[in-house]
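These come from TrEMBL:
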DOMAIN    B:14-291  domain 'FAD/NAD(P)-binding'
DOMAIN    B:326-393  domain 'NADH-rubredoxin oxidoreductase C-terminal'
DOMAIN    B:432-479  domain 'BFD-like [2Fe-2S]-binding'
DOMAIN    B:494-543  domain 'BFD-like [2Fe-2S]-binding'
DOMAIN    B:569-633  domain 'Nitrite/Sulfite reductase ferredoxin-like'
DOMAIN    B:642-776  domain 'Nitrite/sulphite reductase 4Fe-4S'
BINDING   B:Cys651, B:Cys657, B:Cys691, B:Cys695  [4Fe-4S] cluster binding site
BINDING   B:Cys695  siroheme binding site
Amino acid sequence: MMSATVGKWLDIGPTTQIEPGTARTLPVAGADEIAVFHTMRGEFYALVNKCPHKQGPLSQGIIHGDSVSCPLHNWRISLKSGEALGDDKGCTPTIPLKVDNGRIYLLREAVIPTGPFDEPAPAAQVAAA
Amino acid sequence: MNAQTTIETPKREKLVVIGNGMAGCRAVEEVLERDADRYDITIFGAEPRVNYNRIMLSPVLAGEKTFEEIVINGQDWYDDNGITLVGGDPVDHIDREAKTVVSRSGRVEPYDKLLIATGSDPFIIPIPGNDLEGVVTFRDLDDVDTMLAAAEKGGDAVVIGGGLLGLEAAHGLSLRGMKVTVVHLMPTLMERQLDEAAGYLLRQELEGRGQTILTSANTKVIHGVEGKVVGIELEDGTKVKADIVVMAAGIKPATGLAKGANLECERGIVVDDHMVTSDPDILAVGECVQHRGACYGLVAPLWEMCRSLADHLTEQPSGYEGSVTSTKLKVSGIDLFSAGDFSGGEDCEDIVMRDASRGIYKRVVVKDGKIVGAVLYGDTADGNWYFDLLKKEEDISDIREALIFGQAFASGGGALADPNAAVAALSDDAEICGCNGVSKGKVVQCINGGAHSLDAVRSTCKASASCGSCTNLVESLLAITLGEDAVASGPKTMCKCTSFTHDDVRRLILEKELKVIPQVMQELHWTTPDGCSSCRPALNYYLLCAWPGEYEDDEKSRFVNERLHANIQKDGTYSVVPRMWGGLTSPKELRAIADVVEKYDAPMVKVTGGQRLDIFGIKKEDLPAVWADLNAAGMVSGHAYGKALRTVKTCVGSEWCRFGTQDSTGLGVKIEKMTWGSYMPHKFKIAVSGCPRNCAEATIKDFGVVCVDSGYELHVGGNGGIKVRATDLLCKVETEEEAMEHCAAFIQLYREDAHYLERTAPWLERKGLDWIKSQLFDDPERITRLAARFRLSQKYWQVDPWAGRAAGAHKDLHSHIAEIRPLEMENA
C-alpha cells in the first residue's frame, strides 16, 4: 500500500480508529468529503465519499473484498481505482494513502484543493472532529 | 642495494560490521567467499555470544532444540577467518568525519567501510505498565531465557500480537505448560500472511489446542503489583490474568545509530541497489534497511541483499532489485503458506478451494493470466510451485481450470487440464461423494437413469447431497454424460459466492451448527474470501434467526439503514421514525417530535402510511442526539429502516366506532408490543381492522386481523408495493390470545423458512397456502412451539437500538475522524 507518490503527507490519526470492514469520513472545508476505508483484509483506501452514479455516501456501503457497494443503488465501486465495477460506468476520485507505524496518512496535495496554505502549516492540517 | 627484500604486506582495508546477527554474518561470509584477504574485519554484537539462527528461537522456546543446535558460526569461524568479535559491547555512535565507531565501553574502532546490520527492534506498545517486570519481548536468547524461567513456575501467559512471532511464542509457552491467551488487535490472526478464511481456520485449530484467542482486542493497560506484572486490561474492560506478558506486536527497523550519524532514513535506513547508504563508505543490510521503499521482516530477502552487498564490496557490482516474498511455516504443526499480493482487486480473479472435512483452504489470485498471490492452509505441498509460477510471471491461462488442484493435476497438461476431461479420466469405481460413498459409476448410472439435474442426482443417489464439496464433480459428470447444453440449470444459488441455494444454506447452518459468518463460508465452500453485499446480510440474518441469544450481530454485514437505525435519503441525510404503538400518540410525544424538528432544523415532517411521523433531513452526526431527545419522551425506534416488524396499523374499533366489533386499537397495540424489534427476511407489516369495512387495510398486509362479531379472521401474505397482493384467509379464531399466538407462530414460520429479501407474498405463492396451513395446523403442538421460539428470540431483540446509540455506543459510526480546513478558517 506504500504509495510511490512524492509529496507531503497529512497524518489523519491511528489505524485503530477505523474497524476492519468499516469506513469513516473526513469533511474537507471547501471540497468533497473523504471516506477512508479499512477492508476485512486490513488494507486502507481513501476515496471521495460520493458514488459516481447519484453521489451516494460510499462510506455507508457494505465493504467486501476491496470493493464497496453503494448504499443508494448498490453500484459496486473498486476501492483501489474508484472505478464502477460490473456493467456500470463511472469513477470516483481516489486519494493516495499510506500507513506508517500505525498511522494513516493522506497525500496533502490531493486533499487540499484550493485556498492559501502557509508552509509549514501544522495548524492547517487536521482538526479533531 | 641490499639483497634482502622485504615483501610488504599491503595494508588491508578495515571493514567494521555493526550487528552479529544473521544479516551481518551472512554478509561477511559472502565477502570472504569472494575475497578472503581483502578486509580486516571486526564485528560488534550487542549480545555476548556467537552468531546464531534467530528464526530458530521458537524451537528453542518450545524445547525442540538447544541453543548449541542453532549456532550458525561458532567461535572457530571467527578465529579461522581472523575476524575480531566484540560481543556484549554494542556500538554507541558513528563518527563519520573521523571514520570511526565508538562502543558503549569507549572502544574506538576505525573503518574504511562500515556495514550496519542492526536488524529490527520489537515494537513496544505505548501503554501504561509496559515496563513492569515480567513484560518481555521475543527477539533474542535472553528473552527466551526469561520466558523459560517464567514457564517453569507455570501459570498464565499473555501474548500481545497474533502475528507469526506472537503465535510462535504462544505455541512455545503452551508446550511448556503455561495457560496462554493471545491478544490480537486485528480481527484476523496473522492478517499480513493470511486472509480471513485461513485466519479463521488457524484460530479454530489453536483454540482446539487450548489457547485462548482474543481478536479485535486492544490492550489498554498492563497491571502490576509491586512492580511485577499481574495481568492486562483491554479497551472493552476485559481483564486477563498474566504471570508473564510477551510483547510481539511487531518489529521496526533499528535505525537509531544511522539516524544519529545523519544518514538518510525513512522507515528504515535508505539504501541503493548495492546496499549503500547516503554515505558511500557506509552500507547497510537486513531488516534495518529500506530498499526501493520496502522494508523486509523475513529472512529470504537477506540472502539476495548480502549477495549484492558482497559483489559491491569486492568491486563486481551486481545489484539487488527487491524481493517477492513468500512465507511457508508451521504454527503448532499447522502448515501455512502465503506469497505475493492476495488482497485481490477488480482485475483479479480468486480461485478458491475449500475442503472442510480435511481442514484445507487454498486460494490463488490470478491477474491477467498470471498468478499474483496465493494463500494455502493445511496443505502447502504446492506452495513452491505457485510461488515459482508467480516469480516467473508465467502465463497460466492454459492450466487455469485445474490450477487449484495443484501441480500434479494441472501439469498433466493437455487433456487433464480440462476439469471435465480430468473427471472423464477417472475410473468407474473412483469415489465422487465422500460423505455418502458414491462412486463415479453409480452417479453416471443414475444420470443415465433420468436424473438430469444436480438436484435430481442429489435426491436419487445422494451424491453431493450432504456437504456439497463434490458439486463441481457431479456437474462435470452431468456435462460429460449428457453434453454441455443438455444440463438443466439447477435451482438458483444464493449468490455468485456459493453453489448452494438459500434453502441449503439455512438447512446446513442448523445441521452443522454453524454459528459465525466465516465458519459458514468455510464449511460451505464459499468461493470468495469474504462474501459480497448479497450474501453477507443474508447470512447475518440466517444466523441471528437460527441462534437467538448466541449469535452476535455483525454490523459490517448490515445494510446502511440497519446499521445506522435510520433511513438513508438521496442526499445522504437520514429520516427518523419513532414508534407510535398501534398508531396512537400523545401530546408529550408530539411535543418531543416538534422540538426535535425545530432543534435539528429538519426540513420536513411527514405522516407515513403506517400511521406514524417521519422526520426528514437528519445528519448522521445528529442521530444519537435526536434519539436521546425522543427516548426522553418515552419513544423508541420504529424500525422503519429494517427488514423487521414495521408497523401495526389499526382503526379506532369498538371503543369509538359505531361499526366496531372488537377493540382493534387495543389488540393492535398488544400485537405491536409483542412483535416489535424482531428481524425478518424482509419488512413485515401488520394491521388490525375493527370490522369487515377494513379501514386499517388489513388485507394487504403480511399479517392482517379483521375483527368480526364472533371473533377474529386472520389473513396472511398480502402486500401493497409494485405487485399488489391481497391476503389469503388463514383461519378464524375466537379470542385475542389465540389471535396473538397465531400471529407469533406465523411470523416465526416465515422467519425460519423464507429466503432473505423474500416478502410473505412471494413466499406464500412459492410454498402454497396448503403447505403453510399444514405446517401450522397438522400438529396441534406446532403453533405453541413456533410461538415459543418467537418469544425466545424476542427476549434478546426487544432492546431499543436507539437507546444504546444515544448513550454513546458505536460513536464511530456517527462521527467524522476529523475535519480538514485551511489555516485561515482555523484562525477565524
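Positions of Cβ are set from backbone N, Cα and C atoms, glycine also.
Predicted automatically and left uncurated, TrEMBL annotations should be read as such.
Features per TrEMBL, on structure.
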{"residue": "B:Cys651", "record": "[4Fe-4S] cluster binding site", "DSSP (3 states)": "coil"}
{"residue": "B:Cys657", "record": "[4Fe-4S] cluster binding site", "DSSP (3 states)": "coil"}
{"residue": "B:Cys691", "record": "[4Fe-4S] cluster binding site", "DSSP (3 states)": "coil"}
How many other Cβ atoms are found within 10 Å of the Cβ atom of B:Cys657 ([4Fe-4S] cluster binding site), counting all protein chains shown?
16
Mind checking how the domain 'Nitrite/Sulfite reductase ferredoxin-like' (B:569-633) divides into helix, strand and coil residues in DSSP?
26 helix, 14 strand, 25 coil
Helix, strand, coil residue numbers for the domain 'BFD-like [2Fe-2S]-binding' (B:432-479) per DSSP?
26 helix, 4 strand, 18 coil
Taking every protein chain shown into account, which of the binding-site residues B:Cys651, B:Cys691, B:Cys695 has the largest tally of Cβ atoms within 10 Å of its Cβ?
B:Cys651
Note the Cβ centroid of B:Cys651, B:Cys657, B:Cys691, B:Cys695, the recorded [4Fe-4S] cluster site, then list each other residue of that chain whose Cβ lies within 8 Å of it, in sequence.
B:Val652, B:Gly653, B:Phe659, B:Gly660, B:Ser664, B:Ser689, B:Gly690, B:Arg693, B:Asn694, B:Ala696
Note the mean pLDDT of the domain 'Nitrite/sulphite reductase 4Fe-4S' (B:642-776), expressed as a whole number.
95
Summary of DSSP states over the domain 'Nitrite/sulphite reductase 4Fe-4S' (B:642-776), given as helix, strand and coil counts:
52 helix, 34 strand, 49 coil
How many of the residues that make up the domain 'NADH-rubredoxin oxidoreductase C-terminal' (B:326-393) does DSSP mark as helix, as strand and as coil?
9 helix, 37 strand, 22 coil
